[in-house]
Amino acid sequence: MTKEFKKLLIIISIILFFFYCFLLINHNGILLFFGDGADQYIQFVSNSYDMIRLGEFSMWNSTMGLGANMFTMFFTVLGSPSFYLMLLAPNKEYLVYFIAIIDVIRFLIISILAYLWISKLIINEKARITVSIVFTFSGWILFWMHMPHFMDMYIYLALILYCLEYIFEDKKKILFSLSIAGLGVLSIYQLYMMSWFILFYMLCRYFMKYGKFDKKTFLPLLRKTLLFYLLGIGMGMIVILPSIFILLSTNRIDSSGFNLFSVISLNDILRTITSMISPVSNDYDYNLYFGAISNGIGDGNTIYNYTTILFPLLLGQLIHIKFKGKKVLLISTVIMYSLLLFRFSYFIINGNLSIRWTFFFVVINCMLLAFVLENQNQWNKKTLIINAFIVISMILGLTILSRTIDLISIQNRLIQKYVIPFLILISCLYVVSLIKFKRLFYFVLIVEIIFCLFVRMFNGDHWIIDEGKSIDYYHSKIFYHDVIDEIKSKETANSFYRLEIDSRDNLGYNLPLANNYKGFSFYVSVYNYYTAPLYENRFGNQWYNGYQPSKYLLKSLLGNKYLIQSKDTEIPYGYHEINSSNESNYIKFENSIDMGLGYATNKLISYEDVKDKSIFEQDMAMLQGIIVDDANATSSYIMPDAVDFDSVNKVFKPLVDFEGQYYIDYSLDDPQTTCRYEMYYEGNQFDELTNYEVGYQAIVLDKPYNDVFAYCTSNNNPNHYSNINIYSIDNQDVDELYNNWNNQDKFEDVVYKDDEITAKIKITSSNKMVMTNIPYDPGWKVKIDGKYTPIKVVNFGLIGFELNEGMHDVQMTFIPQGLYVGGFITIVSLGILVFIVVKKK
């Protein structure tokens, strides 16, 4: 170990010591950011932790909404190397303590790999150590501290940079292939972005090294880089190919707003320019001078490429210094930054208008910084001072401007109060340490990095955990062991049922994932998009499905058997209380109807007849039959009684002696609507109720109200009253509906094991359609009495198939699309790799 490398490790250790000690003292070692960190990541990890530790891993994840391909977890958790370190936790409540420890390990690995990479470009000790540290704690990785799998991607970035430099020497090709394979397993998103980066980087470095194109050097380099890149993809195909099939079914590849000549907004251009003087403080509005949401002029598609304030302070030295490949590097920098102006760049490089690909600019910045520091003997001190004056003036001027004309959020106004003075002070200290007190340089660098880490942990306007809440609060909101275990103890092993918890906040969306039960809610970026028509505008939107109690009839049809409910909330009709829970704040209820895995009927309703109807009417159709994409389906359905509504005065009169629910349907106008009710009785006395559900909502009037005013306003436009229709369903109608369901042919002897289901069903007449409560996915195969039968989409996203009269054995198995082919390619690619290794020896 060289003296230089030891110095790097000492500096990194000091930074990480302060980082972890701060967490240990202030948060018991817990690093949990509000937002995606608390609402998604910890639940994803908990679910995968349970499946692996309990030996219950399967190809189908029934806890993600109504169910989804388990390979969706490779977009977030399962392909992440750091996740497997979290399996060392004694139980999942301890997972939150592992995040910070793994971050320490991750930062250390990145710094070492960055040092190995940059050492191939430059030889100056100070430059190599500095750039290694700057790269390790760049704005890109600090931004993604709330989603650790992106931080793992950064490890692969550093490793690939290291390998690419050696490929010019015909070395490290196998390590390069393994890196590509690992990145593909981590996430196909990152692999796609990295592929573009490899192309740009290799072109830049080729011309920096050789100065001009020469096919004798270029073609062999291209050939070996491409071949080992493809070999890496081949080795990862067992995950990559199924992931491609998932991605192709989603809207995550999006060309909306794509135009060859369209540019980003003025606000985003300004945010791009100022990113180099704006430390990343959070993951939602990360520029200190121009807000993503201020004045409605920007959409936030800008970079977070802060590479310490040292980078802009030294840019002026590029005028004076000379080094091999300078012209090529500067041209590459201009081209790369120019791409940020055009929306097509985001679409081509990222697949949509996201900004995740902008780690490119961290690498560019670090390369420029490396060559500037390498050639310090060519610096002009006067330029350094002028450069510092310009940077400080920009910081002060932009701060005053942003505060004067209100360009930033309240949170960023708070952050400016301590970040801006620090930036000015640290800029001055850098200049002093570079010109005179040179031994202070590493101290100044360490102070800035520690400060940037602290700013990120402050995360806007409060420390890490939302509103100062303790981790005990999060544990109580995320993990419901006792009450859910009580429910599970009532059921036989491998039975099929769903349960729901009435949590209405962001932490509740992924309760099924965190607690490993079949439910409805989720908050996931990628899910089973074949079921999107059933989810969207009914249970939620493309990002989350929340608790929607008004959909209890449809949920009963979909197999909901249990409800864990707060004592002070409305209990849907048909549920009765079972033995009280040990959890004092919750009561358990059981549904009077158990539809289990599904049922069969000959009442088929054509999709064409309902596709343009309101969500409420579509639900009424599903409650009375099965919706199929078949023009020959001619069954009808009956709508509930409509209630007269005065749309001018926004009022309706309740029915006399009515026991049931009123349904307010606004799905055709604006599904994202909030309703406020003023309910008058006994003269001028009134009660108020505000309720939000997607598509439609149900209310129960428990007093003899005379008039009910319904003010339903669009969430997208609070000044707009949504057009509504009101229906009434009395409890006797619900009883009749449930009796009808009980008389249908239903599954028996169900054995449910996520990706393998067996059951029996007796069809009492010929040619019935079976609706299962399993979401459609092409990976599902169904055998009836040992023979495969075609499956189709029914009820907007569930699996259906036809059966004739008689008793039938049903077997359903799930194998992700592309798994076998991908596995074969992986085996062949590994064989090629082994052959290459053996041949070299």
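Every residue gets a Cβ built from N, Cα and C, even glycine.
What TrEMBL records for 7-25, 66-87, 94-117, 129-146, 153-168, 174-204, 328-349, 355-372, 384-402, 414-433, 440-458, 818-838 (among others) is transmembrane segment.
Through the fold, the transmembrane segment (94-117) approaches residues 5, 8, 12, 15-16, 19-20, 23, 28-32, 42, 45-46, 49, 82, 85-86, 88, 128-129, 131-133, 135-137, 141, 145, 148, 151-152, 154-155, 158-159, 161-162, 165, 366, 471, 474 of its own chain, all at least 6 residues removed from its boundaries and within a Cβ separation under 8 Å. Note: the stretches the transmembrane segment (355-372) and the transmembrane segment (174-204) are in contact (3+ CB pairs below 8 A, sequence gap of 6 or more). Below 8 A, the CB atoms of the transmembrane segment (129-146) and the transmembrane segment (7-25) form 3+ pairs separated by six or more positions in the chain. Count of Cβ pairs under 8 Å against the transmembrane segment (440-458): among 7-25, 66-87, 153-168, 174-204, 818-838, the largest is for 7-25.
Below 8 angstroms of C-beta separation, residues 31, 100-101, 103-104, 107-108, 111-112, 115, 125, 128-129, 132-133, 136-137, 442, 445-446, 449-450, 453-454, 457 of the same chain, each at least six residues beyond the ends of the transmembrane segment (7-25), sit close to that stretch. For the transmembrane segment (66-87), the list of distant contacts is 40-41, 44-45, 47-49, 52-53, 57-60, 95, 98, 102, 105-106, 147-149, 151-152, 155, 182, 185-189, 239, 242-243, 246, 518, 520, 524-528, 531, 534, 558, 755, 773-775, 777, 779, 798, 814, 816: same-chain residues at least six beyond its ends, Cβ to Cβ under 8 Å.
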